[in-house]
Structure formats: C-alpha cells, structure tokens
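Reviewing the structure listed below.
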Amino acid sequence: MASSTSARTPAGKRVVNQEELRRLMKEKQRLSTNRKRIESPFAKYNRLGQLSCALCNTPVKSELLWQTHVLGKQHRERVAELKGAKGATQGPSAGTAPQPTKRKTTDVESQDAKKAKASVDQVQPSTSASSANFEKSGKEATRVASSKTGLGLLPDYEEEEEEEEEEELGGGEERRDSSKHLPDAQGREHSLASPRETTSNVLPNDPFNTNPPKAPLVPHSGSIEKAEIHEKVVERRENTAEALPEGFFDDPEVDAKVRKVDAPKDQMDKEWDEFQKAMRQVNTISEAIVAEEDEEGRLDRQIGEIDEQIECYRRVEKLRNRQDEIKNKLKEVLTIKELQKKEEENVDSDDEGELQDLLSQDWRVKGALL
C-alpha cells in the first residue's frame, strides 16, 4: 500500500518522461539557434549547428561573437585580399568584352540600312522577342546551375557570381543592340535583286571575312571561370607573399604565415636549441680546461708538499744533531762535576783526619799544636 501511494503523482500535475523532456529540450535549442542564425555569405554552419567563418577558416563560439570576428584584423585583411583579387580578375575581362560588339556595330553601320527600313520594322519585334527569350532562358539556366553547384563552393565566391551575372546582363543588352542591327542587314539582303542571290549561291557568304564566327554562348554554372579566378588569386597571393617585407603585419604569426616563413615560436625554439647546443659545447670545452687546470694544480700541490717534507726532514736532522751535541756537553759537565766532588770529598776526608789527630793529642803537652 505504501509503495502504491508513493508511486502516485499529486493531482493536477503531468508526468513527463525523460525521452520527451530530451525531445522538448532539443526542439527548444533548435528554435533558439534558428532564431539567432546569422545571414552572411561568410558564415557557415556544420551539421552540428556550429558557426564558423568560411573566409578565415576559424570557428566562432557563438553568434554574439560574430560581429567582433568580422571587425577583427584577420577577417578584414582576408576581405581586402579577396577584393584586390576581384579587381585584378575583372580588369582584363572588362577591357576585352566590348571589342566584338564594336566590330559588329561598325560592320553593320557601314552597310546601307536605309533601303531596308520597311522590312526591318516587320522583322524587328520577332527577333527582339526571340533574343529576349534566349537571354531569359540562359539566365535561368545559369541561375539553376549556379544554385546547384554553389552548395559545394565556398561562400566567399557568391559575390563573384553576382558580378558575373551583372556582366552577362550587360553583354546580353549589347547583343540585343547588335541583334537589332543584324535584321537590318537581313532585310536589306532580302530586298536586293536576284543576281545578288545567284552570286551568293556561287560564292560563300563572307569569303574575305577575317573574323571567324564565334561559338554560341552556353550557359554553365561558372565553375571553370571560378577555378581560373581561384588560380589567379592563389598566384597573386603567392606574389604578394614574396613581395611583402618582414614585419608588414603587426601580428608576427600572421606575418610569418603570409610570407611562408617559420612562425616566431618555431624560430625561437630553433634558436633555443642552437643556443643549448652551443652552451653544451662551451661547457664541455670549459670542463676540459678546468680538468687540465685541476691536474696541473694537483701536480703543483704535490711538488710543494714534497718540498715542504724535505725541508721538515732537514730541520729534524738539524734538531737531532743539536740534541746529540747538547747531550755530549751535558755528559762532559757531569763527569767534571763528579770529579770535582770526588776531589772535594778527598780533601774533606784529609782535613777531618788531621782534626781528629789534633784532637786526639794532649794539648797540654808542650809543642803539641805546632
């Protein structure tokens, strides 16, 4: 009974399983990430939803730090390099594009267009409509192909695609203008006499044409052009890296990376290893010198000690000789003293004998003391 009552939940509350709770948390997290998703050509999300910069190839921790990364020095340098590469690639293309249109317009204007004005007015709407339809279909095909292939390309080339589309639009307008002039020539040819038609059947249309007909423009995704642009950008970057002086960038790591030189840390490690090797060599040489000096000092000390020992032995010999001399002198003095004592004893014994003799005599006798 107690277990059943404890298993019950209080009234008015809903029991949520752990799986459902996890699902709700994941959904909430997905909604929050979708809300904060950054819309930028350089922002890239992986399958885990982590933000990174495709231009710098650096991960960004959160969407709040994206603005600081965009304002950073490394990102701005990469954007400037990309803009410089775009200017370098657009320069020659812009200079060479208008040439064929100029040739066409000059060739068409040189012809007599006054004779075929009526026929031109009839043919012009149909040709302009067909050219417009062709341009629209080409643009749609290029847009579809670019949308398919753009998924595999880096986002830093999206701006290049837009600029290429603008250039194609400009070229389409020029082609429209030229197509307006071409029907003039066609109408004029239709209005000409039959002898000219016979000559055209015999001879080719333009036997002295120095300009060969150009291949029709086929809409494509622009991957070939982008590969060429990428190669030009890489070559330009290599040339700039070779031309840049040392210390061009404030950050030493970026400077070394651009100039294709070892990083300062690696350079310092190499210098530290070389310094340690040199110190080891110096230490070995100094140790050998110290060992030689120690050996010489040891020999000098041994020679000095031997000299001191010899001097000490000499002093000991002198002291021994002096001791022997003093001993001999003492012996002589002692022998002399003994002899003197013996003599004195003999003299004393003689005096005592005489005194005893005198005392033994009778002093009263006349002439006894004499």
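Every residue, even glycine, has its Cβ placed from backbone N, Cα and C.
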Of the residues Ser179, Ser349, the one that Swiss-Prot lists under phosphoserine: Ser349
From 1-21, 43-63, 253-273, the residue range that Swiss-Prot assigns the feature region 'Disordered': 1-21
Chain residues in Cβ proximity to the coiled coil (310-338) (below 8 Å; excluding those fewer than six residues from its ends, i.e. six or more beyond): none
Segment-level pLDDT (mean, integer) for the zinc finger (53-75): 88
Within the zinc finger (53-75), residues counted as helix, strand or coil by DSSP: 11 helix, 3 strand, 9 coil
